[in-house]
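Taken verbatim from TrEMBL:
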BINDING   133, 136, 151, 154  Zn(2+) binding site
BINDING   306  ATP binding site
DOMAIN    151-371  domain 'Methionyl/Leucyl tRNA synthetase'
DOMAIN    405-531  domain 'Methionyl-tRNA synthetase anticodon-binding'
MOTIF     18-28  motif ''HIGH' region'
MOTIF     307-311  motif ''KMSKS' region'
Ligand code: MSP
């Protein structure tokens, strides 16, 4: 089984390519924020990262939406794709590629891939009969329909009966190889619950699936039979490969696969697990390509405990959220408060409470009060202390020394919530430390050296916390760093591997003695809830 990661110093990851049937919602933003945090963490570690996102623009769903809106499909796609790009800017997402499936170069890749699978003998013409969900762009198997004729995911959408000639992909041929893959590479599908779900599904026996449609113009024509268009999912998954082309490359599979294949990580939501964990590896096996490293299926977001959806009228508009609260607060809430992999809830009360408690109180106030003392007692400079000289059993240093390892493991496992918990354990210990040590009274007693050490330990802990949180809250981390006297910006990718390198900055004790500090400014302003009270 080919599943080797050959490029050690590169990291390539994807978000799903989002449907353009509607403006982006918080679900799409969620996956993308997580992907951006991983990408940023990998860049901090000196990796050459390629973060791929984009839009999935073909198929009946999009064709119908454009028709309903009286737009040409392409004009509609252009408009919505712009909306995604703009949201990513608002959310401070540093993507490297925006793959659009209507791009002409994508057609070249799809054709070449189709041809490979065809040459392998894995495509044949047959009759397709079944219940189709246009919202999923998927035939539903009778056995998974609870109430016949309604999709289990889009419960308010009636399924449509189809009876037509389609080209089929011989998925059934790959049953054994897929089972071996899941067995030999237990980390291929994460988290564990999703892996089990896939294994159970495959165990029931895989059926071939149709990869062409008739009577739908909005798609690429099947190369050998232009009366069919290629099924939107077959086309969309290949968008990940097209995205690997450099802008100046000829669009060939060889060029696309030459630099960064296989992709390390596909981040997806749990509803599109089968496509990624079953169809996609089988398609790649058929084309003779190696397989991606890992597929992680996260959970669904709910609002105030209820499933978010247009029919309930309780969707969350990510643009409005960012405009109101800023990108860092939104990123922090969703990544810290929801265990990645599980379903999770958004409630405004909980949102305001969390960001105020952690960002404004724990982190912001700790820096603020310590900086003020540094101005009062040390002329606005870091005390003249070398981190190495502070005893190892110092309450903050002992936590700080192991923090980078814990946090690295948690980022690698996509356990963002654990990342934040570990970092805030240090921050909260910093607040307790300052209360316990009471540097103001040490100062009055003339214990200058002790004051230096206490303030150094706290400032250094805030610095380390800001550094390790920077993939999640890059703007706040930058403000903290600047107040600590650095002229560095975590959004500047060109300095991450050098001036902000992990080897130096992830180590407790990196804050230079005597570094001039900036006047204290709030790094995060407390939010008020709808009633005007902040919690
Ligand atoms: N176009 C396909 C993906 C093709 S990838 C080659 C698609 N697009 S989508 O726009 O419908 O969904 C994109 C992602 O958003 C999915 O990962 C889905 O799980 C996620 N979400 C949609 N609603 C969501 C929530 N309410 N909560 C969390 N994520 C959800 O599927």
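For all residues, glycine too, the Cβ spot is worked out from N, Cα and C.
Cβ contacts within 10 Å of the residue listed as 'ATP binding site', excluding its own Cβ and spanning all protein chains shown: 10.
By the rule that a residue counts when its Cβ sits under 6 Å from some atom of ligand 1, the binding-site residues 133, 136, 306 yield nothing. Annotated Zn(2+) site 133, 136, 151, 154; additional same-chain residues within 8 Å of its Cβ mean position, judged by their own Cβ, are 134, 135, 138, 140, 152, 153, 157, 159.
Residue 151 (Zn(2+) binding site) is surrounded by 22 other CB atoms, counting those within 10 A of its CB over all protein chains shown. Mapped onto three states, the DSSP output places residue 136 (Zn(2+) binding site) in coil. Under the DSSP three-state reduction, residue 306 (ATP binding site) is assigned to strand. The domain 'Methionyl-tRNA synthetase anticodon-binding' (405-531): residue composition by secondary structure is 75 helix, 1 strand, 51 coil, according to DSSP. Calculated from their C-alpha atoms, the gap between residue 151 (Zn(2+) binding site) and residue 306 (ATP binding site) amounts to 19 Å. Note: the Cα of residue 136 (Zn(2+) binding site) and the Cα of residue 306 (ATP binding site) are spaced 21 Å from each other.
Secondary structure of the motif ''HIGH' region' (18-28), assigned with DSSP and counted as helix (H, G, I), strand (E, B) and coil, comes to 3 helix, 2 strand, 6 coil.
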